[in-house]
Amino acid sequence: MNIETIKTFQTLKTPFYYYDTTLLQATLQAASQAANEHGFNLHYAIKANANPHILDIIQSHGIGADCVSGNEVAQAVASGFPSEQIVYAGVGKSDEEIRLALEKEIFCFNCESLPEIEVINMLAGEMGKKASVALRVNPNVDAHTHHYITTGIEENKFGFYLYDLDHAITACREMEHIKLIGLHFHIGSQITDLTVFRGLCLRVNEIQSRLKEQGIILPHVNFGGGLGINYDCPTCGLIPDFASYFQIFADFFEAQPGQQLHFELGRSLVGQCGSLISRVLYVKEGKHKKFVILDAGMNDLLRPALYQAFHRIENLTSVGEHEKYDVVGPICESSDCFGKDRELPLTNRGDLIAIHSCGAYGEVMASRYNLRELPGSYFSR
Ligand code: LLP
């Protein structure tokens, strides 16, 4: 961050999310280019960051949207994402949400159970429509990521289990208002070992060849999201390696003729462009350690408290000798801690602190716990 930006921060009410839109544009450009090279369809997982200004920028790159609630579908449409590029997932879609998505004529419902598809069939019938559906399959592939964000193994609540798939396909084909168009997978988030995606491709190949033996070929395969970012060293991985990621699917997935591939990336598109900026309220000497107490808390950024997530922390306004601090927030919970034993320059009341790599699952997961204000957002020019 340059001096001018930091000077501007000094005039602003903290805490707030700061988004580097130049980086966001460059990231979107790199991702679209890498996807286009293979003719892959890219959808942005809105759950990662639904800030309307961020959505405007993303949709201007011609990327589709992946939604997980009726409100996300409505927001995607309002932000200008074309309906025919909107997919809608989630294990618990309400009738009201399903009706809204049918009304907006989205591209596809990613469905997770037969009872859900039966309801979609019924509601589509009432509305005189036919719903396009992809079956989310739980491929039983371990993503080797934090257990709270792993989704593709059999103990998770997500998707159809492999042994249920044939029955689900037959059932869908008997429903008058359902058009089965594809298979959907999503095995977890913050996946940094790309061989995991190769494993996914191989498993999907097995599934497809088994279906093919029964004469079933579906025109769309959606591989979900999950590509991770470098939290340890954001400057080493400001733009994730989209080319290598998509190349894996080009190399290892055996697409059937004419079959279209879809991806739903969230974190890798927006993660690195956002930082949470806060002020030091107090520096407190404990018995064994020093605490930097920020005016930002776990209500502003939940990831460290919820997943023990690591985010790089930087003092933007002090330089010099380093000391170790626990960097904490003002909330009445011990988990309200952004980092333990972090090396920072000698820190004082009023210093500005940046917590990096917060563009994904930061602002969207903020709450008003302790009746605190929601954090604001500012954008680079
Ligand atoms: N598609 C589906 C069906 C998903 O459930 C998700 C994320 C994505 C796509 C996007 O995944 P991404 O490319 O962002 O990894 N709050 C957690 C992450 C939860 C991810 C939930 N699903 C965190 O802060 O790490």
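Each Cβ is built from the backbone N, Cα and C atoms, and glycine gets one as well.
Binding of pyridoxal 5'-phosphate is annotated in TrEMBL for E264, L265, G266, R267, Y361; the matching candidate from G199, G215, G226, G320 at the same site is G226. Each of the binding-site residues G226, G266 was scored by the other Cβ atoms within 10 Å of its Cβ; the lowest score goes to G266. Among the recorded positions K47, R303, Y307, C332, E333, the residue whose Cα lies closest in space to that of R267 (pyridoxal 5'-phosphate binding site) is K47. On the 0 to 100 pLDDT scale, the domain 'Orn/DAP/Arg decarboxylase 2 N-terminal' (36-270) averages 95 in this prediction.
A C-beta separation below 8 Å, combined with a sequence spacing of at least six in one chain, links Y361 (pyridoxal 5'-phosphate binding site) to K47, A48, N49, G266, R267, L302, R303. Mapped onto three states, the DSSP output places E333 (substrate binding site) in coil.
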